[in-house]
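A short write-up of the structure that comes next.
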């Protein structure tokens, strides 16, 4: 840039230097039309050729120059070079000159022959008349700041021409405003109108020009520098904090990886220990099963023609009990025979002749025949006299001896009866143990034939331990959830590979429906469903809550029945769960309530219960359910017939209508079975027989056996549940409010006045006596 400036023509250098160092005042008349010209045109750097003073006509060059306003009478001021107005003619007027607002005080100029090697020309100090101290000082500072423009241009040669022009124009604006405020600007024949125009221009320039001074700029620069230092310090602090956080994150990541590795090792060790424990339990179960095979019995394969069937053979425990029963029976027969003989020797009462027995009559007939015949030898005489001696010995038994012998025989019979009862109780206990043994044998057989017997981990989460049971198309395994660290029950649904795709789809749809119903349920008396996932195209799994105990059906098979308090507690919990199922939206009918679907948490009848198996549940949505008639039974024939009401067996053109009263009937049947140890309808019948003989359709009234003794309130409750017509049967809401199931009402009755308590006790005693 500097090389380009030095290579310019000296006249152009003078022109460029004059643009930034000197501003002339027009000698021509005031032209109002040129007052709207921008002052920035003074510093414009157009490349267009301009008319210089050398190119002007001679008449203009020979004209005598008027004295400048700042020249005194004694002489002229410091000589100046050509004015900037001599080099430019404005488009606003025909004659050369400037507007009145462009008059500024003259400053020292460099001669046209001044070289650019001296960029800072000498500045002539001129007094500023008519200004106060601050204004004069400000004008002096503004005049002193003018030569800095060339120094900036030379110090920063890379600035473009437009930026230099803008800076020069800004300095010109400052000088114009200062000159307009001075009294010298009002001379040379200017009118008041021109002064007002100058004031307006000055105000306009003050509005667009910054008022910042060097001190303010320095202060701003210092503040900006301090702010910049603060920002840089803050940035450094943030960078250090970021580095610290990154270091902490790296440490946490390493620690997390370490903990993950440790957790994986713990999970691996847990799996190893669980598998080892499961194997030990399996071995113990198989050893016990082998021992029970000899004691309780086992299955043997028997051939019948071309087929083989399994036949049960009792063990030595049953054989010993059977032998003891045979011994007791033989002893009882012997005692009965001796009692008959003792009855023959019973002495007659006082004053009565002993009645002739059959033996005496036979002997008398024999003696009469012997008298007619002659004796042949002495042996015949002994034979004839022996019965006579026996008859005399029978007559010699006294009454005391007879009663003594009779008492002995009674005691012996009582002892045998007691032994027989003990043997019968032991036999029943062995039968229950045998049922468990048979169940365990089947479980072991199914487990050995299962494809999941080697402790696989399903879905990378559930470790299978051992088989709990097997149904028609599913297997239930006890498993361990490695993620939640809890035991669960995994139900594996396996479809038959020979099924058609349509049947598989229906089964899968049915299972998904059960999953959707069960997944939304959350009640303490309902088994929770945790998860659902697929294994392959023919199998999928549902993960359920695990309960240690057995179901109610197993308990009833072991104990036959239970007390009324225990049965009532179970029924209260079942009704509580049914109430929840009917309060949710949409309500749900379980439809398959039975002892096998009621789990005892701790295996006893005095604990908590949970309801499971929602495979046949019915959703009572608005589309299919009517509050008056109920909903159509689309799955007629499904379910357990002993626990279904009569309306489920009605056959007609349209499907039967059902409601939540189906579950109420099931509650009544379960309560009856818990109290009496048998089902109220079709106890010893199969489901096929119940269907063929219409057993449930004929169950118009329930009958109660005399034993065991049950309270009338319990019987009335069962009758309300087992009403034949569904219109007469109570629903679930009424069942939950039944007086028999409300403890506070029963307590209030029992804790009433003493007279009332006495009346209640006497009425209860009379009811018990009548029921007996």
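Every residue gets a Cβ built from N, Cα and C, even glycine.
Annotated features, as they stand in Swiss-Prot:
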ACT_SITE  592  active site, proton acceptor
BINDING   468, 469, 470, 471, 472, 473, 474, 475, 476, 491  ATP binding site
COILED    225-276  coiled coil
COILED    317-347  coiled coil
COILED    403-451  coiled coil
COMPBIAS  29-44  compositional bias 'Polar residues'
COMPBIAS  367-380  compositional bias 'Polar residues'
REGION    24-126  region 'Disordered'
REGION    180-208  region 'Disordered'
REGION    225-276  region 'Required for interaction with TLK1 and DYNLL1/LC8'
REGION    342-385  region 'Disordered'
When secondary structure is assigned with DSSP, how many helix, strand and coil residues does the region 'Required for interaction with TLK1 and DYNLL1/LC8' (225-276) contain?
52 helix, 0 strand, 0 coil
For the coiled coil (225-276), would you mind checking the mean pLDDT of the predicted model?
93
Hey, how far is residue 474 (ATP binding site) from residue 592 (active site, proton acceptor), Cα to Cα, in Å?
18
Cβ density check for residue 474 (ATP binding site), other Cβ within 10 Å (all protein chains) comes to 17
Around the ATP site formed by 468, 469, 470, 471, 472, 473, 474, 475, 476, 491, which additional residues qualify by having Cβ within 8 Å of the site's Cβ center?
492
Where residue 470 (ATP binding site) and residue 592 (active site, proton acceptor) are concerned, what is their Cα separation in Å, rounded?
18
Can you grab the distance from residue 468 (ATP binding site) over to residue 592 (active site, proton acceptor)? Cα atoms, rounded to a whole Å.
21
Nearest-integer angstrom distance between the alpha carbons (Cα) of residue 476 (ATP binding site) and residue 592 (active site, proton acceptor)
19
Cα-Cα distance, maximum over 468, 469, 470, 471, 472, 473, 474, 475, 476, 491, record's ATP binders, Å:
14
Other CB atoms, at most 10 A from the CB of residue 470 (ATP binding site)
19
Between residue 472 (ATP binding site) and residue 592 (active site, proton acceptor), the C-alpha gap once rounded to whole angstrom
16
Taking each of the recorded positions 468, 472, 476, 592 in turn and counting other Cβ atoms within 10 Å of its Cβ, which one has the fewest?
472
Any idea what DSSP makes of residue 468 (ATP binding site), helix, strand or coil?
strand
